[in-house]
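Trainee: Following this message is one structure expressed as structure tokens.
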Amino acid sequence: MTTFYTVVSWLVILGYWLLIAGVTLRILMKRRAVPSAMAWLLIIYILPLVGIIAYLSFGELHLGKRRAERARAMWPSTAKWLNDLKSCKHIFAEENSSVASSLFKLCERRQGIAGVKGNQLQLLTDSDDVMQALIRDIQLARHNIEMVFYIWQPGGMADKVAESLMAAARRGIHCRLMLDSAGSVAFFRSPWAAMMRNAGIEVVEALKVNLMRVFLRRMDLRQHRKMIMIDNYIAYTGSMNMVDPRFFKQDAGVGQWVDVMARMEGPIATAMGVIYSCDWEIETGKRILPPPPDVNIMPFEQASGHTIHTIASGPGFPEDLIHQALLTATYSAREYLIMTTPYFVPSDDLLHAICTAAQRGVDVSIILPRKNDSMLVGWASRAFFTELLAAGVKIYQFEGGLLHTKSVLVDGELSLVGTVNLDMRSLWLNFEITLAIDDKGFGADLAAVQDDYISRSRLLDERLWLKRPLWQRVAERLFYFFSPLL
């Protein structure tokens with residue numbers, strides 16, 4: 001009996017070390033950033049069981065077998081659709097400004113579609129204005145409405161939108177709603193999900209959280225897009241979830257959330273529609289590719305129309321494209337660069353690009369919320385401040401609430417607006433969307449919004465920053481070490 005237990009003990013020990021060795025080899029063989037690999041190895045060797053479970057759950061990008069198969073199956077038809085769309089030459093921009101040219105070429109070559117022109121665009125900064133405009137558009141819809149959000153939180157104006165969407169479905173409008181399972185957990189636990197389905201709306205719970213499948217798919221891979229398409233002609237996107245900020249997370253101690261949304265009319269709705277159709281097919285297996293733009297209603301010839309490129313990310317989409325787009329935009333800056341983000345945990349490459357821009361004479365500003373709803377990200381962000389300040393970057397800490405806007409403005413002409421935070425999760429993991437807009441008029445609108453944020457912010461003083469307590473420096477470095485995993 002003693003021999004039996006001895007053999008079992010040795011087998012357990014051998015299996016334990018083989019498991020550690022196997023995971024270590026897996027980490028080393030995967031092409032990833034060195035800081036990320038080192039952080040994972042440290043966790044695994046300090047807390048082996050916890051580290052192994054964490055790595056198997058969150059260390060690699062697993063979409064899940066069924067969704068991965070759907071993603072592979074959809075691309076031939078999607079690629080053909082994009083190729084056929086090229087015959088509509090009148091919707092594509094033939095040239096761009098000097099500051100936007102490199103970025104638009106990158107996106108065209110990697111996504112297979114050029115930027116589209118002839119769009120009318122409005123930047124909305126007040127949540128009530130967004131909701132009221134959306135309700136009007138829903139009431140006037142004639143054919144179809146598609147929506148996707150990370151968070152839909154019942155209450156306030158969000159309920160008014162839900163009621164108008166149900167009314168549209170009852171009068172025969174084809175309505176589809178996709179919501180992230182984790183972000184919209186309150187919605188799916190409320191009566192609204194059943195009420196919408198009973199009204200005829202197709203409601204899909206995207207990327208369902210299932211602990212039984214934790215090792216088969218990354219549970220922290222989320223559907224983070226915020227998009228609305230109406231009649232293949234009107235589109236919305238931006239940083240705002242379907243929430244009323246007067247009711248949303250009021251116990252978090254960070255104030256009301258501050259967002260922007262872009263409302264668009266024109267062929268950009270078709271470009272966004274194909275992204276939505278890909279998400280829908282990955283989640284449901286149903287193909288809903290949008291029709292080509294209607295030449296009878298698209299304002300193609302309007303000289304005032306904006307040129308816009310959609311940049312999508314997530315499993316199945318061009319890898320690393322949003323990160324490349326941010327790098328390209330940063331290196332394209334010649335006069336000034338303004339970035340707004342709630343969560344700032346940049347890659348080494350992006351941090352280097354931002355610092356280099358400041359060091360070559362570009363006026364670089366970053367606007368962040370002073371109070372953050374994520375303690376981990378808040379502390380990790382602070383670890384980058386010293387290097388940024390030393391390079392000459394101005395850091396503004398917004399004091400008017402939780403600044404949730406995600407925007408970049410380059411030389412007053414190239415604007416990036418969408419759902420992408422400047423952190424690892426948005427850059428490489430989640431389903432995200434960003435609009436690249438080549439237009440001085442829209443750039444002026446975005447600059448006015450950013451100036452308003454700056455007027456409600458406190459400029460970080462480098463001298464005072466360097467005098468902060470030692471315990472804060474230690475906490476910052478601790479969270480910085482784990483920043484590749486955030």
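Glycine is treated like the rest: Cβ placed from N, Cα and C.
Swiss-Prot lists these features:
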type: TRANSMEM; residues: 3-23; note: transmembrane segment
type: TRANSMEM; residues: 38-58; note: transmembrane segment
type: DOMAIN; residues: 219-246; note: domain 'PLD phosphodiesterase 1'
type: ACT_SITE; residues: HIS224; note: active site
type: ACT_SITE; residues: LYS226; note: active site
type: ACT_SITE; residues: ASP231; note: active site
type: DOMAIN; residues: 399-426; note: domain 'PLD phosphodiesterase 2'
type: ACT_SITE; residues: HIS404; note: active site
type: ACT_SITE; residues: LYS406; note: active site
type: ACT_SITE; residues: ASP411; note: active site
Trainee: What residues in the same chain, six or more past the boundaries of the domain 'PLD phosphodiesterase 1' (219-246), come closer than 8 Å to it by Cβ-Cβ distance?
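Mentor: Answer is 57-58, 61-63, 124, 127, 130-131, 134, 137-138, 141-153, 155-158, 161, 178-180, 182-183, 206-207, 209-211, 256-266, 268-270, 272-273, 275-276, 279, 290-291, 293-294, 297-298, 315, 401, 404-406, 417-419, 425-426, 429-433, 435.
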Trainee: Around LYS226 (active site), which of the listed active-site residues (HIS404, LYS406, ASP411) come within 10 Å, judging by Cα atoms?
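Mentor: The active-site residues passing the 10 Å Cα test: none.
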Trainee: For ASP231 (active site) and HIS224 (active site), determine the Cα separation and express it in whole Å.
Mentor: 23
Trainee: Helix, strand or coil by DSSP: which one applies to ASP411 (active site)?
Mentor: coil
Trainee: C-alpha of HIS224 (active site) to C-alpha of ASP411 (active site): distance in Å?
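Mentor: Given the Cα positions, HIS224 (active site) is 28 Å from ASP411 (active site).
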Trainee: Mean pLDDT for the domain 'PLD phosphodiesterase 1' (219-246), as a whole number?
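Mentor: Mean pLDDT, the domain 'PLD phosphodiesterase 1' (219-246): 94.
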Trainee: Note down the number of other Cβ atoms within 10 Å of the Cβ of HIS404 (active site), including every protein chain shown.
Mentor: 23
Trainee: Enter the number of other CB atoms within 10 angstroms of the CB of ASP231 (active site).
Mentor: 17
Trainee: In sequence order, what residues of the same chain, 6+ apart, have a Cβ less than 8 Å from the Cβ of ASP411 (active site)?
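Mentor: Expected: VAL99, SER332, ALA333, ARG334, GLU335, TYR336, LEU337.
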